[in-house]
């Protein structure tokens, strides 16, 4: 098949004998990263020592945030790289319900568990109710303070309609927080244009930042003054080095900062993001749909297999299958160098990263699965 | 002077023409780190991909925590590496006051600002009062829920008596949280023996983990069941991959985990900690006292200089000087390759890292300062 991104795979350090279909869990390393982290340690930390902080380290969270913002339809000054997704979600939800007179937080009933745990914690801390609801029937009300939604369902790969659901929330005066973990970098997203209130996401899936690389948070400019979050670490202060005894948050997105940014991982992520300079996001989405359609066509109808990822375009870049032996199948596929993953109890997930996965790989994965069945 | 740690400097990648006296802000890189991070990216992430999580990554926070625990007098299973110091402090204070019927949080009046900001935030969230008090007169009461103290004052270098102050807190039934940022790795600490309730600290100062490397938190075994913190991310769950819709915290220290651990930085830190295999902490403390005494003897009485670090043994491994032109002096010292730092309004800080700083460097720094004055 025609692949406008075929040249991009060469930017990744991937063994050709492995069919890696777990980039929706941990993206593969862009080639540039290994040497870059060594250089950061040896040349920046080693030679510049503390001076590194005034030579590009301090602003890394905002600088790299802007780079990610370009993939999310967010103008500069609104995306910050910091902490983990769960910590950022805590900030986002706490800020969203601060001073509210509304009674409930609504969360996607099939949410990634961590999001649900954090929402529960925020509800308990603030005295609001937590109401899980299916995205197709959120039943938002004038008592809803905020709704938390996963753009792409981690289990099924279903893609939600961000425009429609954001409008639903706003129609009742509620805020919406989007979790972009499974869509950032591979789906067209227009945070600014849709007026999204807050968003968070990780960078180690399709953004290829590395295992556990720092997460991001989006706080739109018009919401920054009201964004008050309880993790009031010194680096979010308006003048961090003044060592002011009173906390005064930075006026901009930097108020979402907490502790000292983790530079080695940050700059590894920054290096990894360079691959996006070589692609058009529309090509990425088109190839993701084509790859998943191709794989789907090969596995549909295999004995015992049920495809649970939507067949229409409301899907992300994974194909999830249900099979009673999902766990063992994933293991046996791995023995044959086809790497997917398993989500209990019975789901096999195959992620297709348009930047490096090929149609041949999709074919090989489907063929191997067929042989095992 | 006799230096039992002279051989250790060779383990660090430091230029000999620089006198680096800011290791209390950012430690210097152990030589092993640069190559290790490259190997983590190329061999672990690159070759093993998602499989890395079951080949040593997942347990890194606990494994590296145990390594740090050995430097803190903490038996295994009680120290976790995660997040930043400020985030860990938030967990610690929130857990310390959970379900309390007491009315106040006491904080060292001269605390590092971030600790004070986080304590203020916790007080606001929980409805407790926040009372700053000088460590020499904490005036703890039966209404005190918890007291937060910095083991070594970041500004003056004063060392607090952990045994005495912990006992003071316990005498009124209060808990104590120690911030060990400026003492971990270079001072004798006996967390278990003193019955400390909770402690946090960073790893990028005397532990040399790298700029913004992940922080640690100490939760003693006897306090783990009651340690409930609101950052309920999935990796702190008892069975993280069960994707349980309800949060059930891990029974041990892992309940302090939040999001996915940042592996590149974690393993850089782990590599950096290998230098401690080559030293005896008693030698480290002895050399730290000798280095700071030597420097002090050379700068005391210089025109316009006031030494504000205690002269007795109640000091950490820094010497802080007050001078009206502190800011400019630090800049001019740096031009002459003597690197200290400045804390507003008028403090010059010189940190002495016993693992790599030499007596000759202390002499050279003092001589350069004298010339500038």
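Cβ coordinates are placed from backbone N, Cα and C, and glycine is handled just like the others.
Copied from TrEMBL, the annotated features are:
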- A:85, A:86, A:112, A:113, A:114, A:115, A:179, A:182, A:204, A:234, A:260: pyridoxal 5'-phosphate binding site (BINDING)
- A:205: N6-(pyridoxal phosphate)lysine (MOD_RES)
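All features noted in TrEMBL, drawn onto the structure.
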residue : record                              : Cβ within 10 Å
A:85    : pyridoxal 5'-phosphate binding site : 29
A:112   : pyridoxal 5'-phosphate binding site : 21
A:114   : pyridoxal 5'-phosphate binding site : 27
A:179   : pyridoxal 5'-phosphate binding site : 26
A:204   : pyridoxal 5'-phosphate binding site : 27
A:205   : N6-(pyridoxal phosphate)lysine      : 28
A:260   : pyridoxal 5'-phosphate binding site : 24
Return the recorded positions from the list A:179, A:204, A:205 for which some CB of chain B is under 8 Å from the residue's own CB; sequence order; 'none' if the set is empty. A:204
Pyridoxal 5'-phosphate binding residues A:85, A:86, A:112, A:113, A:114, A:115, A:179, A:182, A:204, A:234, A:260: largest Cα-Cα distance, in Å and rounded to whole number: 31
Collapsed DSSP category at residue A:114 (pyridoxal 5'-phosphate binding site): helix
How far is it from residue A:112 (pyridoxal 5'-phosphate binding site) to the residue listed as 'N6-(pyridoxal phosphate)lysine', counting Cα to Cα, in Å? 14
According to DSSP, residue A:179 (pyridoxal 5'-phosphate binding site) sits in strand
